[in-house]
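**Q** Below is one structure. I have some questions about it.
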Amino acid sequence: MVEKKFLEAVKKYSLISEGDRILVAFSGGIDSTVLTYLLIKFRDHLKISDIYLAHLNHSLRKESDEDQRFCEDFAKKYGLEIFTKKVDIKSLAEKEKKSIEQKAREERYSFFRKVMEERSINRLATGHHLSDLVETMIMWFIQGNRKGIKGFRPKERDIIRPLYLINKDQIENYAREKGIEYRIDITNFETDFLRNRIRHNIIPHIKGINPSLEGSLLTLSYFLSLDDQYLEEESEKISQKFLNGKIELEELLVYDKALVYRAIQNWIYRKTGVYPSYRQIMDIMEIIEKKEGTKSIRLSPEYNLIRRYSTLYIEKVKEKTEPYQYRIKPGEKIFVKEANLYIKSYIETDYTLDKLKDERKKVCFQIESMEDAEFVVRNRRKGDRFIPFGRKKEKKLKDVMIDLKIPSDMRENIPLVVYGNKILWIAGYKRSAYFPVTEKGKKLICFELEEV
């Protein structure tokens, strides 16, 4: 039965081709040992060129070194080349603030990839089987993970799972019949970890309701994978449209929500290497439906997703801007590091009123005794008020910035040019009503932005 299902999976899913060089992820446990035994037995039949073993010693159990010796002896017995590496997973996980399971997986696959690259190996075979598939689907269902609930496929790029159609009981019976020795990991019989609780407590109860649980979930996995593949391909086409670094919501929201959230996931992953959680995706979907103001969501310690009105951006997390202040006199030029720009001040005598209309990059004021005047460039302070040009009444600076649609996450950085207690200019946005230019021929004090 096991051998028949092994060969069926190899053929049905095109797992092995003539001349393949296969690296087995070899723990010494029953699954990887039976897998290796089957590969050796059918090596000639499947025309496999080479079989190699790779064992990562996680240093998690007192028996870890004995596990490694077993793997080395097994390789020697069957004339296979084995690659081993020893790492302290617990210390690495603590240092990087990751779970032991996550860090162990990262180290294993990094090790496997290195071996494959160095030895020109084109297939990585793992011992995942049908019972693993069932456990995985139930585990992700319990955790509400859409991407994981479909389980794993028998073949994903160069990773193959030849035991895909074989369950755990069948593997154990086969090992017993063939006298195959293997290492036993006692943690597999503990119930502290979610997967083991599913294996030993939950699945037996479900099988009491549906004895064909494995077959049912195998079929479900197949159809969920088909749906997922199609939606991923379509959403990838959408995310490709936003390679310039931002998303215009008018262009995105013409698509169905099933594609929108996937496109956003792909876009975020491509930009940051971070795969957003479902809680984050739900928050993102909520804020993109509202186009007023600015909203942000922390994706990771390094990145924020920001919606500024109808546009989505991804930006690195900025340190909180502290109050800053610079002094500037006519004829001087200063660098405002907090805004990453220069502001220069100078006296203007040759001008026309028409040329003074661009208040975003340059503003001029008609101030008496300007040669001795000293101005301050600073960011906003609590209680700041401002009189926009063309108005007579003061407004709260915060309200003016909202009217100008200045994103909330940028307001602390924007330079203000101040004279005495009067804010003359919201640099790059709006001049005040103070000291308007009313007569030609008068000397003017001007301020101009220069970007780095």
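Positions of Cβ are set from backbone N, Cα and C atoms, glycine also.
Reproduced below are the annotations present in Swiss-Prot:
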- S27, G28, G29, I30, D31, S32: ATP binding site (BINDING)
**Q** Across all the protein chains here, work out how many other Cβ atoms are within 10 Å of the Cβ of I30 (ATP binding site).
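**A** I get 23 for this one.
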**Q** May I ask which residues of the same chain, at least 6 positions away in sequence, place their Cβ under 8 angstroms from the Cβ of S32 (ATP binding site)?
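**A** Non-local contacts for S32 (ATP binding site): V24, A25, F26, T126, G127.
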**Q** Name them in sequence order: residues not among S27, G28, G29, I30, D31, S32 whose Cβ is within 8 Å of the mean position of the Cβ atoms defining the ATP site.
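**A** In sequence order, the nearby non-listed residues are F26, T33, V34, G127, Y182, R183.
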**Q** Where does G28 (ATP binding site) sit in the DSSP three-state scheme?
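**A** It is coil.
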**Q** Least buried of the binding-site residues G28, G29, going by other Cβ atoms within 10 Å?
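**A** Per-residue Cβ counts within 10 Å for the binding-site residues G28, G29 bottom out at G29.
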